[in-house]
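Undergrad: One structure follows; several queries about it will come next.
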Amino acid sequence: MPPKPSAKGAKKAAKTVTKPKDGKKRRHARKESYSVYIYRVLKQVHPDTGVSSKAMSIMNSFVNDVFERIAAEASRLAHYNKRSTISSREIQTAVRLILPGELAKHAVSEGTKAVTKYTSSK
């Protein structure tokens with residue numbers, strides 16, 4: 001007897017455009033990525049440079065990987081300190097632990113700037 005399809009398998013099957021009983025077409029499931037934001041940063045730094053779809057895929061994987069590492073480290077820090085909420089302090093400490101030297105300093109300063117901008121706009 002074949003194994004039952006998981007919930008993930010059912011979602012993948014829903015991606016195809018089929019006509020349900022009520023006659024309306026189904027939409028494709030959206031795939032979230034950082035492509036738009038990576039492209040915007042590229043154009044700020046090098047306006048005359050393009051990027052291939054394979055390079056964009058690699059960059060997207062890289063951003064997802066770094067995000068997951070920072071989130072996991074911040075979660076660990078919150079757990080160590082018996083906190084149930086991850087604050088900007090845990091994120092900042094996680095960035096300092098994960099990123100090397102000068103890169104961590106720049107990331108922390110940019111993050112602080114972004115948080116300040118967000119709180120002042122509220």
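A Cβ is built for glycine as well, from the same backbone N, Cα and C atoms used for every other residue.
Under the heading region 'Disordered', Swiss-Prot lists 1-30. Sequence annotations record features per position, and here Swiss-Prot assigns O-linked glycosylation site to Ser109. As annotated by Swiss-Prot, ubiquitin cross-link applies to Lys117, with the evidence given as similarity to another entry.
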Undergrad: Could you measure between Ser109 (O-linked glycosylation site) and Lys117 (ubiquitin cross-link) for me? Cα positions, answer in whole angstrom.
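TA: So the alpha carbons of Ser109 (O-linked glycosylation site) and Lys117 (ubiquitin cross-link) sit roughly 12 Å from each other.
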Undergrad: Validating a neighbour-count step here. Other CB atoms within 10 A of the CB of the residue listed as 'ubiquitin cross-link': how many?
TA: 9
Undergrad: Near Ser109 (O-linked glycosylation site), how many other Cβ atoms are within 10 Å of its Cβ?
TA: 10
Undergrad: Name the secondary structure element type, per DSSP in three states, that contains the residue listed as 'O-linked glycosylation site'.
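TA: Reduced to three states, the DSSP call for the residue listed as 'O-linked glycosylation site' is helix.
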